[in-house]
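Features reported for this protein in TrEMBL:
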- 3-352: domain 'RecF/RecN/SMC N-terminal' (DOMAIN)
- Gly30, Glu31, Asn32, Gly33, Ser34, Gly35, Lys36, Thr37: ATP binding site (BINDING)
Amino acid sequence: MPLDRLVLHGLRNLQPVDFEPVSRVNLITGENGSGKTSLLEGIHILGMGRSFRTRNMRHVIAHEGEELLVHGRLAGEPPIPFGVRRRRSEGELEIRLAGERVGRLASLVETLPLQLINPDAFRLLEGSPAGRREFLDWGVFHVKHDFLEAWQRARRALKHRNALLRHGRMSDASLTAWEHELVHWSERIDAMRGAWVEAFLPVFEETLAGLLPLEGLRLRYTRGWDRRRSLAEVLRQGRDVDRQMGFTQQGPQRADLAIRLGKRPAIEVLSRGQQKLVVSAMKLAQGRLLEASTGRRCVYLIDDLPAELDASHRRLFCRWLENMRCQVFITSIEPDALADLWRADTPLAMFHVKRSAAGSGELLPRERQIS
Ligand SMILES: Nc1ncnc2c1ncn2[C@@H]1O[C@H](COP(=O)(O)OP(=O)(O)O)[C@@H](O)[C@H]1O
Ligand SMILES: [Mg+2]
């Protein structure tokens, strides 16, 4: 379900925004520093409870302001209002969903499945496994309702095991107990991740073929511990080394998606542009699989697409988004770089963020064509 209303208050330099109705494709242009990325950041906070630019939400609150408020409404019968508020004076995010106060961030994530494509996202292949695990777990989370619990329990067991490795005795019975717990939940996690990857691969391969034919590109899931041994065995036999290191060396916290071209890691052979297309295909495939398995569509946030993809790939990429009928927010510095990429019957709205002399940004509609 798409957003049909979006309200932003107290977000960085942006003047209050109340955007209604929100179109399927929303193109946002504006000069550097006008507030385009901030607008995407606001939607990201609405869907994820956090910014993609900073860990410190105080940085997102307008300098002179006391609080940040982001509110959205999902189209549907009935429409679902939801939102978050963050006061400068308080550490916590206040989350509301359908009129109720909720405590779990996961409720936001469930409500608004988001995919972000920005320069950091394009580093998915070269960066640490943490980013790829996050990508993987996003997919699993949205299709398996018990994934979050398994993940939280495994993390808790891992924390206790690590604490005992550092401070406890080797013979400690509680070490065995926590290992038992860790093994149980890790096996659940591994089974869910493995099943998700199996469903993901054909969708990814098809999407990639439509963007950039790359013979021999393979994506493989590695579970995070020795392939030939059970985790119980790995943990038992690894106690000495783990104790010296002060933490658990193997387990689902080390899972990864290995991406190779032929025999080599893809990152060693692909050009920067090719890497971006592989990441684009991964992100599109994530949304396609979500729809195929749950009937829900992602909202895509895409920051400065013209700076990232060349004209012909930009066109192919937008064609995928259009065929997926996903709601999209795309920013660009150049006013017209994105306007002619869409079919005439695609609901499209164009906005311009105007930067005032004092630095504030005002979101204004440009000529609009909604069919
Ligand atoms: N907390 C804040 N309060 C007010 N202005 C801010 C805050 N944080 C950043 N800014 C300003 O907001 C502007 C918008 O930045 P940004 O969204 O990155 O613009 P764009 O993506 O259009 O280049 C910048 O000029 C920046 O200096
Ligand atoms: Mg920007």
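Each residue, glycine too, has its Cβ placed from N, Cα and C.
Small disclaimer: the values here were computed from a predicted structure and weren't measured.
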Original post:
Going by DSSP, is Lys36 (ATP binding site) part of a helix, a strand, or coil?
Top reply: helix
Original post:
Which residues of the same chain, at least 6 positions away in sequence, have a Cβ lying under 8 Å from the Cβ of Ser34 (ATP binding site)?
Top reply: Val353, Lys354, Arg355, Gly361
**OP:** Sort Glu31 (ATP binding site) into helix, strand or coil using the DSSP assignment.
**Re:** coil
**OP:** Return the members of Ser34, Lys36, Thr37 (the binding-site residues) with CB less than 6 angstroms from at least one atom of ligand 2, or none.
**Re:** Lys36, Thr37
Original post:
Counting all other Cβ atoms within 10 Å across every protein chain shown, which of the binding-site residues Gly30, Gly33, Gly35 scores highest?
Top reply: Gly35
Original post:
Where does the mean pLDDT land for the domain 'RecF/RecN/SMC N-terminal' (3-352)?
Top reply: 95
**OP:** Among the binding-site residues Glu31, Lys36, Thr37, point out the residue whose Cβ has the most other Cβ atoms within 10 Å, with all shown protein chains included in the count.
**Re:** Lys36
